[in-house]
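Not my notes, these are from TrEMBL:
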ACT_SITE  A:Ser546  active site, phosphoserine intermediate
BINDING   A:35-42, A:114-118, A:169-172  GTP binding site
BINDING   A:Gly472, A:Leu473, A:Ser474, A:Gly475, A:Ala476, A:Gly477, A:Lys478, A:Ser479  ATP binding site
DOMAIN    A:26-240  domain 'Tr-type G'
Amino acid sequence: MHAPSYRPDALIGEDIETYLDRHRDKSLLRFITCGSVDDGKSTLIGRLLYDSKQIFEDQLASLEADSRRVGTQGENIDFALLVDGLAAEREQGITIDVAYRFFATDKRKFIVADTPGHEQYTRNMVTGASTADLAVILIDARKGVLTQTRRHSYLAHLIGIRRIVLAVNKMDLVGYGEAVFDRIVADYRAFAASIGIADFLAIPVSGLAGDNIAGPSGNMPWYSGPTLIGHLEAVPIDAEQGQRAPFRLPVQWVNRPDHAFRGFAGLIASGTVRPGDPVRVLPSGRTTTVARIVTLDGDLPQAVAGQSVTLTFADEIDCSRGCVIAAADAPPEVADQFEATIVWMADEEMLPGRPYWLKLGTQTVTASMQHPKYQVNVNTMEHLAAKTLELNAIGVANLSTDRPLVFEPYETSRDLGGFILIDKLSNATVGAGLLHFALRRSQNVHWQALDVTRERRAALKNQKPAVLWLTGLSGAGKSTIANLVEKKLARMNRHTFLLDGDNVRHGLNKDLGFTDADRVENIRRIGEVAKLMTDAGLIVVTAFISPFRAERRMVREMMAPGEFVEVFVDTPLAEAEARDVKGLYKKARAGELKNFTGIDSPYEPPEHPELRIDTTTMSPEQAADLIIERLIG
Amino acid sequence: MNETAGIESASALRLTHLQRLEAESIHIMREVVAEADRPVMLYSIGKDSAVMLHLARKAFFPAPPPFPLLHVDTTWKFRAMYELREKAARAAGMELLVWRNPEARAKGINPFDHGALHTDLWKTEGLRQALDHYGFDAAFGGARRDEEKSRAKERIFSFRSANHRWDPKNQRPELWHLYNARKARGESIRVFPLSNWTELDIWQYIHLENIEIVPLYFAARRPTVERDGLILMVDDDRFRLRPGEVPVERSIRFRTLGCYPLTGAVESTAATLPDIIREMLLSPTSERQGRAIDKEAGSGSMEKKKQEGYF
């Protein structure tokens, strides 16, 4: 063990006030380190903390003890142990999540997002990169540019990091050779240009020995560029550049302590604002001027990108959470159909057509994706055909939202172009996305206002339109009951239409199979057809397995309130299988039929159906009467 | 006047790291208030809580912060802490809720007889009880990522199951400034607005913003005993002296505040904030060293505590 102990800046002892003034005026740089355990990433970060004097004596003591016990560096300190956090990970010897580290030099404070290099963790790297100004891409000098180097560089570039540092590490293990370094840099340059990385800085380092980390390396006199810390201290910071863009403030919260005050609180995404500035509130487009910039420390004469403020307006105009206050003469766009890159982050695959929550800035809307146009192989950057996106897949797809979104292309603004996707049932964050542009049809296709309204059509038929949605396992008795319901309604002079699973699959949906994605699309189309029929004034009876809650909910949300009646035809699997009217269960059990609901594909029973039919205690006749009673009675 | 303004706008206004941290924390708090049904701020009366409360006042000004303060009390805090607690809540115009685990109280759990059980029952269990009792679905906490290794991976919005467990494998990715605050009934979120602050940032900010903190952070002569390598302050007559122990006046201060019989002081003469910061920067040991809690089970102990629901 030959680690020097913590040696603080002499100024601290001599003149603390001057030291504090200096520290107060530091700027903040956020960066990400990309590489695998083998590249010596944890060691490099440990070294950055150590060389910038962020390691205390007690930590050093426990580090020395751990190094002896489980370290991989023999008699030397294993810096990797400083940063490997969770107990389980330490046992496995790998980092498996995004960890944030902090250190400061005399010029800057740094926040480092430390992400693992394993293939299955694209999600973590994208997460860590989303807040970073700069990426340090680690390369093992002995191995050169690897597949994972390409992957990391692609992801950093995708997420909009414009400053890339190539840290060629473990130079001590290649005899500090200049030729090795030059060859790696040339390889990387060729690759970087191919994916659009215009510029990068390559630094030969040794995290273990400390070469070119804080001070220039005596071992590599042939290198005259900056050290790693020197470079990190000098690069420009994105947030400051954002001040030059037009003003945008996504409204988080309306502050109304009393009737006299109405303020709009948020974090300024870009630009600068002063009292008197003309602003436009989107999506409404109304204009006013900024009256005050209110803070606890008194009103401000101006505020800039990166500050959390509260604005008041000269006029009383509508403005609430989700609105964007923007420079009046340069407002952002508003649209409801987009092309976007999607990074999928959940075990359960992305299902085209399924509605997800989309959160962008302070706006939350419902969005659904179309089939991906292509998926990107992050190792080769090839475009592959894809029907869905699986965990860690990146693809480009069109999406539409149920309400207009105020947005900017991600290239212009991370804050108004980056979004997350949230599963409506599990509430998990399942994806992230980057908006590229609004589809032109979104601006050009308008709803045609019709003179004969749905109310008029329903009145002509002397009925209230509805959708009786029967869901349940195959063989539960849905079609039998639906048929009876329609017959009885027809006898009562009601205008009806029965949409039946098998029949629809012979026509409208004959291009669809039985994968999860196709099942979602099947239900989406049926939902749209049912909706048109209710617009026509009809009572629609449907009989579909419709196994997923999310899609049943999607259809429910398409309909006018109260028009969707979910009927759970509840037949236990054993009973349905025993009936096996069409012989399908037998085939599924024999493995001849794939993705069969109840056998190798799940059925999610309704949690709160309007009606539950227990077919083990009720005849189809009784069931039909009960449904009609619910509808008419 | 106008001319000056014109010159200013030509060059970018450089935000300092503290200004950016402040803006981030305020943004986080506003997101929670906009999206949660019933938020609360956990207030431990320490320096981090003081900064968090100050930021909350800034975030919602001119309104008072639209949530109550909750102190999960162990009845064994320093007297000076209780005094500041009342004063700070009043100054912020906020409701102060104090929760003392009735079970721990009935059993007379105390730091002298019960060791780790004391923290477990009063704090960990008490916090769960309080959140369930009031039905809070989001709780602000003052934890920072730089405090401990397992916290480096903690999300800003940290999800807890209906029984308050933290599952490190099942946390939501956090991208950009987008926080997903959706949850099922019974689930809750712990929110850490100070995640990206370091200890030095906290001190510097207290100094800059002139935030009131418990006087125990400043050195003064106080009655103490030395026990198991810690200097303990004899804060009231409940302190049980061991045979042969006689309280000795020492000039001490505290780097961190908890239950007084469990919190070690450092000998110091630092009586001003710059003095304290100087001492901290020159100190060879990290912040939590004075707390007995981390020493129990080696470097995995905080992670275990977190899984069980300790903050």
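Start at 1 and count along the chain as shown; that gives each residue its number.
A Cβ is built for glycine as well, from the same backbone N, Cα and C atoms used for every other residue.
TrEMBL annotations: computationally assigned, not manually curated.
Situate these features within the shown structure.
All chains included, 27 other C-beta atoms sit within 10 angstroms of the C-beta of A:Ser546 (active site, phosphoserine intermediate).
A:Lys41 (GTP binding site) counts 26 other C-beta atoms within 10 Å of its own C-beta, drawing on all protein chains shown.
Secondary structure at A:Gly475 (ATP binding site), taken from DSSP and collapsed to helix, strand or coil, is coil. Around A:Gly475 (ATP binding site), the same-chain residues six or more apart in sequence whose CB sits under 8 Å from its CB are A:Thr571, A:Ala576, A:Glu577, A:Arg579, A:Asp580, A:Val581, A:Lys582, A:Leu584, A:Tyr585, listed in sequence order.
Averaged across the domain 'Tr-type G' (A:26-240), pLDDT in this predicted model comes to 82.
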Could you state the whole-number distance in Å separating the C-alpha atoms of A:Thr115 (GTP binding site) and A:Ala476 (ATP binding site)?
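Between the Cα atoms of A:Thr115 (GTP binding site) and A:Ala476 (ATP binding site), the distance comes to 49 Å.
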Taking the Cβ of A:Leu473 (ATP binding site) as the centre, how many other Cβ atoms fall within a 10 Å radius?
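Here the count is 24.
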To see if you understand the setup: which same-chain residues, six or more apart in sequence, place their Cβ under 8 Å from that of A:Ala476 (ATP binding site)?
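Expected: A:Val569, A:Asp570, A:Thr571, A:Ala576, A:Thr615.
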Roughly how many Å lie between the Cα atoms of A:Lys41 (GTP binding site) and A:Ser546 (active site, phosphoserine intermediate), rounded to a whole value?
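Cα-Cα distance, A:Lys41 (GTP binding site) to A:Ser546 (active site, phosphoserine intermediate): 48 Å.
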Using the CB centroid of A:Gly472, A:Leu473, A:Ser474, A:Gly475, A:Ala476, A:Gly477, A:Lys478, A:Ser479 as the ATP site centre, which other residues of the same chain sit with their CB within 8 A?
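Checked against the 8 Å cutoff, the neighbours are A:Ala543, A:Ile545, A:Val569, A:Thr571, A:Ala576.
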Pick the one among the binding-site residues A:Thr115, A:Ser474, A:Ser479 whose Cβ has the fewest other Cβ atoms within 10 Å in this structure.
A:Ser479
Using C-alpha atoms only, work out the spacing between A:Leu473 (ATP binding site) and A:Met171 (GTP binding site) and round it to an integer in Å.
63
Relative to the Cα of A:Met171 (GTP binding site), which of the binding-site residues A:Ser474, A:Gly477, A:Lys478 has the closest Cα?
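Of all the candidates listed, A:Ser474 is nearest in space.
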Relative to the Cβ position of A:Gly35 (GTP binding site), how many further Cβ atoms are located within 10 Å?
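There are 25 of them.
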